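Quick look at what Swiss-Prot lists:
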- Asn38, Phe125, Arg384: ATP binding site (BINDING)
- 212-264: region 'Disordered' (REGION)
- 226-264: compositional bias 'Basic and acidic residues' (COMPBIAS)
- 685-713: region 'Disordered' (REGION)
- 685-703: compositional bias 'Acidic residues' (COMPBIAS)
- 709-713: motif 'TPR repeat-binding' (MOTIF)
Amino acid sequence: MENKETFAFNADIQQLMSLIINTFYSNKEIFLRELISNASDALDKIRYEAITEPEKLKTKPELFIRLIPDKANNTLTIENSGIGMTKADLVNNLGTIARSGTKAFMEALQAGGDISMIGQFGVGFYSAYLVADSVTVVSKHNDDEQYVWESAAGGSFTVQKDDKYEPLGRGTRIILHLKEDQGEYLEERRLKDLVKKHSEFISFPIELAVEKTHEREVTESEDEEEKKADEKAEEKEGEEKKEGEEKKEGEEEKKEKTGKTKKVQEVTREWEQLNKQKPLWMRKPEEVTEEEYASFYKSLSNDWEEHLAVKHFSVEGQLEFKALLFVPKRAPFDLFETRKKRNNIKLYVRRVFIMDDCEDIIPEWLNFVKGVVDSEDLPLNISRESLQQNKILKVIRKNLVKKCLEMFAEIEEKKENYAKFYEQFSKNLKLGIHEDSANRAKIAELLRFHSSKSGEDMVSFKEYVDRMKEGQKDIYYITGESRQTVANSPFLEKLTKKGYEVLYMTDPIDEYAVQQLKEFDNHKLRCCTKEGLEIDESEEEKKKFEELKAEFEPLLKLIKEVLHDKVDKVVLSNRITDSPCVLVTTEFGWSANMERIMKAQALRDNSMTSYMVSKKTMEVNGHHSIMIEIKNKAAVDKSDKTVKDLIWLLYDTALLTSGFSLEEPTQFAARIHRMIKLGLSIDDDEEAKDDDLPPLEEVEGAADEASKMEEVD
């Protein structure tokens, strides 16, 4: 036996080990990820060498990683059949020569970095001391004999030729002598969970030694023989052969010879493969079945349903990576929960899990897409949890967005599937319109809306444009609280009578989306409730409109005088046919619906609200009997109290029908009551109560004051 040699750790390594041992880290579990990752690297190396020299695999043909928990001795063994280490490798790699990243890692650690970054500096092996008092490494390289490396991290380590442990053939066995309080890492469930969490997609089988209890029926004489055999381990194999021979003789014959039988339990150790989910993304898409995709998706997402769509692709060129993306059938209830840690895209480098919360890998509007991205050469810096070059990420991100849009277009081909998809994720698409300027036009093609002509179906912008009226330039839409509300809106009266189709946008996020989406296929999007609406009219219609405008000019001036600064201007309308009047907003200000949405924001910016709330324009229908009668009354006496009351009443009703909220509901009710009394010819005794109402001028002043108060609120 070769003498044991003692070596001193390099100063930096000694300092690093001291830091690991004497500092408390909550996530000690990362040691297993690091050791499995190192084992995978060792297996990659021998597999690579065997491409040109196949005989190198003969010393141990199987490629595997094995975990062996031993509760009796309080040890956890991580074994692999990789390339192994020579004596020189053990001395140099595990102690005397510090890697370039050792110092940098300690600096990062002392600056508040995470212990889980250790593997990025090439010193992941030392994470073993997070859970172990001492570590034994047994290794066999094809070019050397089997050696043992041992250290209790006391500043030195020993190396000697091995004559104690079972021959490996080739590979490395790391034996962790666990600290007293780290027994959890001997539990079968804990080890399985850790492998599933961090190392499920390592491309080599990870096997766990598990104890299985089997019950079998034996004769009493057999039982006695087996008890004797248990005392001599080397005779066990012979006993099993004997048992096999006896089974062949038949149960009946055994019963005759030996009499009674009884059931006994025996415990055997078996290898259970933990990473059964093979990396599907490494295979060609045409080789993977739908069942495999479904199984993989469920394993990845913990979803109880199968996926709705899948995209399996690889990118080569500036950056090489493979990816597998899934669209779920339903959105999670907390899809837009801002505090939730995102973990939908898992990032791997050469099948080693790096992170699942990389915010830069996919935009927020695609946060429902689940999947895996695996790069062969993605550069990393301090940790597996932080990436070094944003340029690389931008390439990955750009490709993922492109492929997601392709996947959505594929879903679109099946109307029933797309209806399910759109019901669940339409808000995400609209958020994409708002946030993703580069892909806005493509996302717009995916949007669907109900319309004045679509009935229960939904229509796309493309379908709308294809069936536009001859000569129609703009795409008309209306925003509102519900389909029923917008369908009955006075703003649609003229458009629908002339046969124009109007899109109904009733989702609050539609307001934000159309602010960014100005046009589709060179057709401007035009809101029916705002100024600037152009409806094609004949020359005769235009002439009649101008004549009517001149006729109503005195009334329009009177309405502006009465309403004062409640409206910016009063004009004759060419957009309504059945309603007496409506209130429209400026083209670039908030619509009535947007105003309603913003007022509901608990944390709204009131200064912004007062700035964006548009000055309203009152549009009067010159063909409506009410407006004609008021015009006639005003021509007789423009200071008539009833005329002024009616103007205020029309303003309040226009607020409601145009989608605004009432500014003074009490005063509105008072005016209604006054009109009711007038209609019922209430006598003078009741009229006294009317005197309690403030005069119109005061009502107007109170409204102004309330408006100011709302701005301050």
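Yeah, the Cβs are placed from backbone N, Cα and C, and that goes for glycine too.
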What count of other C-beta atoms do you get within 10 angstroms of the C-beta of Asn38 (ATP binding site), across all chains shown? 21
Phe125 (ATP binding site), Cβ-centred 10 Å count of other Cβ atoms over all protein chains shown, is 19
Along the motif 'TPR repeat-binding' (709-713), what average pLDDT does this model show? 39
